[in-house]
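A quick write-up on the structure given underneath.
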Amino acid sequence: MSDVVLEVRDLTKHFPLTKGIVFKRQVGAVRAVDGVNLTLRRGETLGVVGESGCGKSTLAKLIIGLEKPTSGEILVQGQNLARMRGSALRRARRNIQLVMQDPYTSLNPRMTVGDIVGEPFQIHPEVAPRSDRRRRVGELLELVGLSPDHINRYPHQFSGGQRQRIGIARALALRPEIIVCDEPVSALDLSIQAQVINLLERLQEELGLSYIFIAHDLSVVRHISDRVAVMYLGKIIETGVDTEIYDHPTHPYAQALLSAVPVPDPTLRGLRDQIILEGDVPSPANPPSGCRFRTRCWKAREVCVEQEPALVEREGSAHPSACHFAEERDVVHATD
Amino acid sequence: MGGPGAGGLKGLEVTPLGRYLARRLLQFVPTLLGALFILHYLMTVGIQLNGDPARAVFGDRTPSQSQLQAMQRVFGTDDPCFEQAGNPCLTVFVHRLENMAQGDFGVDSRERPVVTLIAEHAPITARLALLAILIELLVGVTAGVLAGLRGGSFWDYVVKVSTTMLVAIPIFVVGAVTQLVLGVEFGSWLKGVGAPDLLTGLFSIAYRTDQPWASLVMPAFVLASLSLATTARLTRTSLMENLRGDYVRTATAKGLTRNRVVGVHALRNSLIPVITNLGISFGNLLAGAVVTEGIFNIRGIGGLVFGAVATGEAATVVSVVTILVLVYLLCNLIIDVLYAVLDPRIRLD
Amino acid sequence: MTEQVESVISADRSAQAGIERSASLWADAWRDLRRRPVAIASAVVIVLVSSMAAFPWLWTRTDPRDCPIQLSKATPSAAHIFGTNELGCDYYAMTIYGARASIIVALVSTSLVLLVGALVGMAAGFYGGWVDSVLSRLADIFFALPFLLGALVFLSMLRSHSVWTIVLAFAVLGWPPLARIVRASVLATKNMDYVQAARSLGASDRRLLFRHILPNAAAPAIVVATILLGTYVASEATLSYLGIGLQPPEISWGIMIAQGQSYVTSGYPHLLLFPAAFLSATVLAFILLGDALRDALDPKLR
């Protein structure tokens, strides 16, 4: 299992804040992603969770190459994607593909399904000879559970779930090893969500794909992920195998987040240890010193202001946790 | 939906407004210089391609060398750059800018300063524009209210069709036909029956100095026609929108009469976009005034321009248009700044 | 589980219904336009006037420049259905031949303005940054010149006025509004998810622009261009009427109206009314078609 397909090292993305009427000068930066480390192995799903605005989507854009990082490395097959340009970047991109959140806006309304799914072949003509493309598009549609007869239809003739399948087919066209799923089901109805998740799992098994699965819905992430990383204000604050995170969270923020997940068993209602956070998420343009969570944390002490806690295994935590006072607390199950 | 003016003077202390004003002023300078340069460049290219306008003044006569040079000095075309095609004559432009800053906009072929000419002709144009704005407001708002009170009614249909016509039919056709029907047919009938001077003045086919206001009414109608259509349509849509608004329903529920609901509540809010449009259309009014004066042969600023075109005094045309553009840009600037100060809802970014 | 199946079935059914409903925005708009009598009437007028411009001999065998002076200012009759002008030229033939100048000026100016405006707007919207700043500022400067005043200065500088000098004036002064519209719609489209998706696939800028952004941003530009056709027909006639556009012996509705107007007082209103009617109908047709197109392409505005 040490077959690493993607490694992210100290990745940061700062969006400059400028001031001035004629000559813009930089007065600060929004630290959307601020020193993120990730490892993704072959055939594995890494879930990334966090509130909206915590930098999840920027992280996805950085990994996929839609944004240039301020610093840090994105290593795919030993090559640093962040440094590549031109045709080398274009070739490297074949290996990482994206599935977007909103199936209603992620497909060009003026292109047929055949054109949409076949576009990767037009951009990377070396992947498939022209004569073979139509057949391949048909195969891809079949692979994601759509009829190849639909090849000449337009996106608006499909339902949301079907559109997301088209988006997945497009992402699969170049036979990538890695697929970044940026909230791939949150725009869908609940019943359709399950179908798409099942499809993603089946494809992973059949094709040996690795997923980075970004979502704010913790139960969906738990269902599909092998490992989970929790993000807060541009940083990963806790990471580990899914059962470790879900059953034994040690960072106060992760605990708060998990305590808010609804559980299906009504007898547990009111018996759980619910944590309600106070205050708002601080601005990423001016994050707190030391631990970023300290402004809302009930455990905060002097040391949290002065020292930034590293993401490491600690006394109270068997998996990496960025809290000086990491300690287990069961928030998912009933307290008694 | 709050009323305008609430943010008023207090807004000046807020930095976004100050920043907006500073940016707007800073944008004004290059825009102004750019527009002036385009006018200058058009003239330069024209002279380089077609020869010196100083020569054209003499018509068929061949001027002596000294006569020609004197005229070139008058027009400011004595710089050798005017003989080199493609030369933008930047030194001349800078020189012109310096002169303009001192209020000197050049002279015509009879060495009368253009500024004096403008001052002589401006009152008529100002009267024409003022009348047009009044007509635009009175007729436009009335038509808009008639149409907007009940969508789909007979009046709504009439206003819709007539405004479409007004937008689509060129202003000079409207002018010419108005002249034919009202001026010639009706006007001569009026004269025949011996109507009072004021009435014949109203329907006169040309400007009459003895009726400085009445004889401008018909041209003002023609000038107003285009923005009048926009005003009517804007009033209609915004009145209809406001009549559907929650606060109108509240007012009706309180038991206010229909007249009061429409007059005091809905109409007042509906007029905000109409007034905004009035500000924007001022520039079109200025350009339209030149055309209208051409149609009705009115000796205002437009008449001045056409006179200069007819006698080939290109330099005078450019000088007059330059002043018009200056006025137009200044008006736009003032309107923008006023809105930023008066309407707290405006987006400043 | 049954719920899932049901929802899939119903989704599939609605997808089936979708095929009959519409194939694309343009097909929708086309269907919508065919149901509007105003749009059809406008299109008919435009086709008729265009045929006058392209093949005037389809409409009349009379040469508008063959003018027996003894026929001066004849009122409409069977031989000369629109009468004759002061030189004895057949007024019907003149009116037919007058379409050509209007249509050429309108078509060529609009094409040029569309080309320049689209290129500038695309570059400004797509590349942003300093490219946008420079181009937008340039557009502002040209915007500061009221259109007719600018054209007036331009033309008063030139000694010979042909159709082409008028086209040049319109093209030089007319592109900024179009550039603004294209820039706005490119800006709105460029951050759409499907453009981001294509970018993440490694698509080139050219591909993004021409395959993804332009087709989706073109609708407003086409609507404005249709209305511009009408505006330019009107502007050409206005300038010719004022004596700074085309000049006799060229035949233009604007010149005919100007000359006809001087005989109005002496009892020959037909010299004014026939060209005025043709001109108004043409402008009206373009503008109404543009309006209808706008409604058809943007259902939100209905």
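Heads up, the Cβ atoms here are built off N, Cα and C, so glycines get one too.
According to TrEMBL, the feature transmembrane segment maps to C:38-59 (among others).
TrEMBL lists C:99-290 with the feature domain 'ABC transmembrane type-1'.
Residues or ranges marked as transmembrane segment by TrEMBL: C:101-126 (among others).
Feature annotation from TrEMBL assigns transmembrane segment to C:138-157 (among others).
Here TrEMBL flags C:163-182 (among others) as transmembrane segment.
Look at TrEMBL and you will find C:213-234 (among others) tagged as transmembrane segment.
Within its own chain, the transmembrane segment (C:272-293) is flanked in space by residues 29, 33, 36, 38-39, 41-43, 45-46, 49, 82, 91-92, 94-95, 98-99, 102, 106, 222-224, 226-227, 229-231, 233-234, 237, 253-254, 256-257, 260-261, 263-264, which lie at least six positions past its ends and keep a Cβ under 8 Å from the stretch. Residues annotated as transmembrane segment in TrEMBL: C:272-293 (among others).
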Cβ-Cβ under 8 Å with the transmembrane segment (C:101-126): same-chain residues at least 6 beyond its ends: 49-50, 53-54, 132, 135-136, 138-139, 163, 166-167, 170-171, 174-187, 190, 205, 208-209, 213-214, 221, 225, 228-230, 232-233, 236-237, 240, 246, 250-253, 279, 282, 286
Residues from the same chain, set at least six apart from the ends of the transmembrane segment (C:38-59), whose C-beta lies under 8 A from its own: 93, 96-97, 99-100, 102-104, 278, 281-282, 284-286, 288-289, 292-293, 296
Same-chain residue ranges lying at least 6 outside the transmembrane segment (C:163-182) that approach it to Cβ under 8 Å: 101, 104-105, 108-109, 112-114, 116-118, 120-122, 124-125, 135, 139-140, 142-143, 145, 147, 150-151, 154-155, 217, 220-221, 224-225, 228, 232, 235-236, 239, 245-246, 250
